[in-house]
């Protein structure tokens, strides 16, 4: 419990440092781009802080073998973080001496290798009716949320006139939707 508090404090401090550096650092982003980067990343940051603060690990769950639920969470989490990292890579300006490419490329390679590892890892558990039911409910909820996001983008284009969507924004949005899908599945799995 004590380590979780220190981890939460460290995460909040890191988020503040990154956001302040984005706002006041020496980058050539417009205020509009900074706003969207902060808005999208803040939603993901708040989801992770909420998950750390609310969902406490229990000793009973730590003794369970690697099951189907853990495999599902691992795959969705690493896919979401990989897409989020690709989005950050596309949105940030180039740095001298290939620093950005080296660091983010290494992060993507690590995330993709862990994604492949968890995809190929065998489980002794087989999906049951509850698994498929929760998966269908979560997928339906995320479909509605994705439609709502597309409708909001359409309204923005209708009233403002134009919207320049960079690939980085789309990658981050897809990663955020995948993370929300995993959280929705977790909620429906724990509720029943």
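The backbone N, Cα and C atoms fix where each Cβ goes, glycine too.
Under the heading transmembrane segment, TrEMBL lists 7-24 (among others).
The transmembrane segment annotation in TrEMBL covers 36-55 (among others).
Here TrEMBL flags 75-91 (among others) as transmembrane segment. For the transmembrane segment (75-91), same-chain residues at least 6 beyond its ends with a Cβ under 8 Å from one of its own Cβ atoms are 33, 37, 44, 100-101, 104, 107-108, 111-112, 114-115, 118-119, 166-176, 178-179, 181-182, 185.
If you look at the transmembrane segment (103-120), the same-chain residues 6 or more away from its ends with a CB under 8 A from one of its CBs are 71, 74-75, 78-79, 81-82, 85-86, 88-89. Annotation source TrEMBL lists transmembrane segment at 103-120 (among others).
Listed as Cβ neighbours of the transmembrane segment (132-157) (distance under 8 Å, sequence separation of 6 or more from its ends, same chain) are residues 163, 165, 173, 177, 180-181, 184-185, 188-189, 192. Feature annotation from TrEMBL assigns transmembrane segment to 132-157 (among others).
Sequence annotations record features per position, and here TrEMBL assigns transmembrane segment to 169-188 (among others). Counting same-chain residues at least six beyond the ends of the transmembrane segment (169-188), those with a Cβ under 8 angstroms from any Cβ of the stretch are 36, 40-41, 43-44, 47, 51, 55, 72-73, 76-77, 79-84, 86-88, 90-91, 134-135, 137-139, 141-142, 145-146, 149.
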